[in-house]
Structure formats: C-alpha cells, structure tokens
Amino acid sequence: MADQLTEEQIAEFKEAFSLFDKDGDGTITTKELGTVMRSLGQNPTEAELQDMINEVDADGNGTIDFPEFLTMMARKMKDTDSEEEIREAFRVFDKDGNGFISAAELRHVMTNLGEKLTDEEVDEMIREADIDGDGQVNYEEFVTMMMSK
C-alpha cells in the first residue's frame, strides 16, 4: 500500500511524523495521531481515528511507528479520493457555481480553513492546477490535481 506513495508524499509524512514524535523514539501515541492527520489536511472523526489505530497498532501498545503510519496514510488517501468526494470538494471551492474556481474563490476557502496565503501563493496554486491557462481551475483540472497529490 505504502509503495503507491510518491517520494514527495513520503517525505511530507516523515516530516509531519517527526514533528509529533516528541522524544524521537520512532513512534507516536494515539493522542498525537489526530493532530498529525489534521496537519496533513485530513479531518478524521474520533471513531475513524480509533479504527485507524486499531488497524495498524499490531501489538496494541497504543503507539504507531512510521511504517505503520505510512500504510495508514496511503489507505486514507486512497479512500478520500473517491469521485463523489472530489466533486463535493470542487463544489465547496466553486462558490458561484459557474464550473470554475477563481483565485478569489480559492483564497476565500483557504482563509476559512485557517490558511493565510499571500496573493502570490494563491496565484501559484491556480497556475499549478490550471492546465489550459485560462487563469481559473475547471472540474477536469481539479480532478487531475486531486488525483496527482
């Protein structure tokens, strides 16, 4: 499962993992898991967290090592990219419902999520996803971006 992650994703997960592995012993506690997941843009419920922990905490000691964490994140990412969830996410960003995400709409949603981005950062995000170069993101471009993350 974890072998389907890109090197960039693995590096991101390692960075997040080590931020919460306070004593550097290579494991994180179950309490810290929710914080790690949220830092990576996931938003699991308490029940989902408990399920994930139970699935990967093989020895039942309440801690998760990095290989277990990678497996869990790979599973979680695969699950969250269903077409219906991507469509819902697109609708959240496409405030006026015109089928496009503008820089203003992107900035609005990111600000509501607590991400304070500069205009340059927002423009860069649009540029990265904007395949046809029209300055906004349509549904196909959004799907492509979501599937490649």
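For all residues, glycine too, the Cβ spot is worked out from N, Cα and C.
Some features that Swiss-Prot has for this protein:
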MOD_RES   Ala2  N-acetylalanine
DOMAIN    8-43  domain 'EF-hand 1'
BINDING   Asp21, Asp23, Asp25, Thr27, Glu32  Ca(2+) 1 binding site
DOMAIN    44-79  domain 'EF-hand 2'
BINDING   Asp57, Asp59, Asn61, Thr63, Glu68  Ca(2+) 2 binding site
DOMAIN    81-116  domain 'EF-hand 3'
BINDING   Asp94, Asp96, Asn98, Glu105  Ca(2+) 3 binding site
MOD_RES   Lys116  N6,N6,N6-trimethyllysine
DOMAIN    117-149  domain 'EF-hand 4'
BINDING   Asp130, Asp132, Asp134, Gln136, Glu141  Ca(2+) 4 binding site
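Feature map: annotations from Swiss-Prot on the structure.
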residue : record                   : contacts (Cβ under 8 Å, 6+ apart)
Asp57   : Ca(2+) 2 binding site    : Thr30, Thr63, Ile64, Glu68
Asp94   : Ca(2+) 3 binding site    : Phe100, Ile101, Glu105
Asp96   : Ca(2+) 3 binding site    : Glu105
Asn98   : Ca(2+) 3 binding site    : none
Lys116  : N6,N6,N6-trimethyllysine : none
Asp130  : Ca(2+) 4 binding site    : Gln136, Val137, Glu141
Asp134  : Ca(2+) 4 binding site    : none
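Here Asp59 (Ca(2+) 2 binding site) is positioned 18 angstrom away from Glu32 (Ca(2+) 1 binding site), judged by their C-alpha atoms. Mean model confidence of the domain 'EF-hand 2' (44-79) amounts to 80 (pLDDT, 0 to 100 scale). Across the domain 'EF-hand 2' (44-79), DSSP helix (H, G, I), strand (E, B) and coil residues number 25 helix, 3 strand, 8 coil.
Ranking the binding-site residues Asp59, Asn61, Asp132 by Cα distance from Asp23 (Ca(2+) 1 binding site) puts Asn61 first.
Residue pair Thr27 (Ca(2+) 1 binding site) / Asn61 (Ca(2+) 2 binding site) shows a Cα separation of 11 Å. It is 15 Å from the Cα atom of Asn61 (Ca(2+) 2 binding site) to that of Asp21 (Ca(2+) 1 binding site). Taking Cβ pairs closer than 8 Å, the domain 'EF-hand 1' (8-43) reaches residues 2, 49-50, 52-53, 57, 62-66, 69-70, 73, 76-77, 80, 149 in its own chain, all 6 or more past its ends. In the three-state DSSP classification, Asn98 (Ca(2+) 3 binding site) falls within coil.
Cα-Cα distance from Asp25 (Ca(2+) 1 binding site) to Asp59 (Ca(2+) 2 binding site): 16 Å (rounded to the nearest whole number). Neighbouring residues of the recorded Ca(2+) 3 site, listed in sequence order and excluding Asp94, Asp96, Asn98, Glu105, comprise Phe93, Lys95, Gly97, Gly99, Phe100, Ile101, Ser102 (Cβ within 8 Å of the Cβ centroid).
For Asp21 (Ca(2+) 1 binding site), the same-chain residues that are 6 or more apart in sequence and have a Cβ closer than 8 Å to its Cβ are Thr27, Ile28, Glu32. Around Asp132 (Ca(2+) 4 binding site), the same-chain residues at least 6 positions away in sequence with a Cβ under 8 Å from its Cβ are Asn138, Glu141.
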